[in-house]
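Enquirer: I am attaching a structure below and will ask some questions about it afterwards.
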Amino acid sequence: MLPCQALLPAVVFALTALQALASDTFIAAVYEHAVILPDPTEEPVSPDHALALMNKNMDVLEGAIKEAAQKGAHIIVTPEDGIYGWRFTRESVYPYLEDIPDPVVNWVPCTDPSRFGPAPVQERLSCMARNNSIYVAANIGDKKPCNSSDPKCPSDGRYQYNTDVVFDPQGKLVARYHKYNLFRSETQFNYPKEPEVVTFETPFGKMGIFTCFDILFYEPAVVLVSKMQVDTVLFPTAWMNFLPFLTAVQFHSAWAMGTGVNLLSANTHNTSMAMTGSGLFTPEGPAAYHYDSATEEGRLLLAELSTHPRLSATHPRAISWSLYATSIEKFPGENDTFSGAVRKDMFTFSELRHKDGNYTVCQGDLCCHLIYQMSDKRKDEVYVLGAFDGLHGSVIKYHWQICTLLMCLSTNLSTCGQPVETAQTKFEMFSLSGTFGTSYVFPEVLYSGVQLAPGEFEVLRDGRLKSKQSTSKPLVTATLFGRLYEKDLPHPLRS
């Protein structure tokens, strides 16, 4: 017979599972972590030195996990790089890695830590989940030995992977995911040979998981949603914000709305690298989110989410993204356009010169249409309608189609497309649409101060992004962000 103390986590887990099964909702949490970084070095530190740094970060994460569990959360997601940081070489990251087995081995590191060799990080994460009766998702590093029989084996005899792990409320490893779309600076890690589509079942829906840059690509992001039919995606990320379209909160919220699933987005927090922005995003908009570019503090977020959002009466219906825009004849002002750069992407812009109007701007196969009415046409602020249809990225090139109502940095039109966070102009109404060649379109509205606009806009079935009423805050951008995955160029780095 097991002692009562050993039985307690199992009993608590069983009660939690029954409670979740009896409800159409569950409580989710994400933690935005201000990561304690290692000292920069190209030489490997000792394993003890590496573990000491990781324990400092896990001390912080453990506090957040305990607080989330005490507040009733069933699951918590922590950030990418949240345990050891970044800026490693292939050699210097090695002491921070552990051998992470396939979850089919049915392993609880908290109670059997040495089964697969030294695994102090997995042991501690497992115990955090078990002791608090909560699912815990975290990002760590995996190492796998290889030899000359594998023609792709690196010269140092090992593969190294950016890896997500999930432990259930009993501490069992239930998911392991190797990041497939590495960002260009992640040279310390290998690309997996094949994309992994990782799912696991919980009492509150089918979960999937991927990491940061993955969200912009067909594999694994679209596959998880379209083919595997997950209800919720866990998303550890280390997202650097890029206005006007790619701040964490606006794009992640848009992705959840565009795909019709819950997205639990946990970002790292580092203001010097413009890393902030986490949230619990649903098909109807953000349930909770956080964006803080001023302080160095972490933040715990919790919200009650639908267990099966696809079954909800408010779940977004199928949208024909080009239906309305293709019915619009081009208006006379269309040729009065100019080019402007959003980072390195050359957009076609047209200035909104009046308090209200109809505009159409085209580039490539994409025509963008806007109907709008400003509350007041200010002389010190300029807005444009913009269109982009082409490849984005310097090394890894992928195809965007973007229609945007955008505020310029100044009245000088050459600043249109440069980052801007604050505005003064409110709109009585706007309706934005485009002749998109894809069904993967993500709607974004961003207010002054990098604030979202939950409940203030809608996407009609004919593809219009439309305000429901006058904007409650000044508008920075309203954007339809499309992805033509089939036009992406072959990946130049994945061997």
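Any Cβ shown, glycine's included, is placed from N, Cα and C.
These numbers come from a predicted model, not from an experiment.
The feature signal peptide is assigned by TrEMBL to 1-22. Residues annotated as domain 'CN hydrolase' in TrEMBL: 31-307. The active site, proton acceptor annotation in TrEMBL covers E80. Look at TrEMBL and you will find K179 tagged as active site, proton donor. Annotation comment: TrEMBL describes C212 as active site, nucleophile.
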Enquirer: Across the domain 'CN hydrolase' (31-307), what is the average pLDDT of the model, as a whole number?
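Expert: When the pLDDT values over the domain 'CN hydrolase' (31-307) are averaged, the result is 96.
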Enquirer: Rounded to the nearest angstrom, how far is the Cα of C212 (active site, nucleophile) from the Cα of the residue listed as 'active site, proton acceptor'?
Expert: 7
Enquirer: Identify, in sequence order, the residues in the chain of K179 (active site, proton donor) that are 6 or more apart from it along the sequence and have a CB within less than 8 Å of its CB; answer 'none' if there are none.
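Expert: Those within reach of K179 (active site, proton donor), by Cβ under 8 Å and sequence separation of 6 or more, are Y161, N162, T163, D164, E186, F189, P192, F210, T211, C212, F213, D214.
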